[in-house]
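Everything below concerns the one structure shown next.
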Ligand SMILES: Cc1cn([C@H]2C[C@H](O)[C@@H](COP(=O)(O)OP(=O)(O)OP(=O)(O)O)O2)c(=O)[nH]c1=O
């Protein structure tokens, strides 16, 4: 277990982020405050995850003395469209159809907030899905119900295992937390 000089708080409801932060050796508590996850329409797509991530951290600024608050946000960018979480099965189907046989980007941003100071880093992974049959997309949506996932898929689930041919970048960035970046950014807080 890694010992930090300040308590670490993961401000996220995502079970994947909780699992990844635990598996990378950190002890932490979870505290989530409601946040507005909208973003300006003219914001460049690659900057959206960082913007939302800072919104998630902003609500903790006054409560960050002597603590490390960690927030994250993941968006999928396909054909110049930003894909968040699908509202229903029809939208999930449309997202997966859009990504089938093509390359898309997954951007995950993390913000580290301590003593009122924020630092945000964005990491991008490029993912290539082979051509997916309609029946495969429907089967996946029915089995895994990916409504809590940006872009309507989990790289760690059936469709990721069977449909993704290539990834450039970190698998964990796609899953929702660029662990390699979080680890480096938390290093200055390690207790000797
Ligand atoms: C693309 C992709 C996303 N995801 C998940 C990671 C995130 O949980 C989710 C993206 O939604 P987010 O809005 O980034 O996060 P969240 O609402 O789940 O949690 P919170 O805002 O409280 O931190 O999609 C996967 O699990 N696998 C994948 O392959």
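Using the three backbone atoms N, Cα and C, a Cβ is placed for every residue, glycine included.
TrEMBL labels come from automatic prediction, so no person has curated them.
The Cβ of residue 73 (active site, proton acceptor) lies under 8 Å from the Cβ of 37, 49, 50, 52, 53, 56, 108, 109, each of these being in the same chain and 6 or more residues away along the sequence. The active site, proton acceptor annotation in TrEMBL covers 73.
What TrEMBL lists as site 'Important for substrate specificity' is 16 (among others). DSSP gives residue 16 (site 'Important for substrate specificity') a helix state.
In the three-state DSSP scheme, residue 74 (site 'Important for substrate specificity') falls into the strand class. The site 'Important for substrate specificity' feature in TrEMBL is assigned to 74 (among others).
The 10 Å shell around the Cβ of residue 156 (site 'Important for substrate specificity') contains 16 further Cβ atoms across the protein chains shown. Annotation comment: TrEMBL describes 156 (among others) as site 'Important for substrate specificity'.
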Neighbour count check, CB within 10 A, over recorded sites 16, 74; minimum at 16
Integer Å distance between the CA atoms belonging to residue 16 (site 'Important for substrate specificity') and residue 156 (site 'Important for substrate specificity'):
10
C-alpha spacing of residue 74 (site 'Important for substrate specificity') relative to residue 16 (site 'Important for substrate specificity'), in angstrom:
12
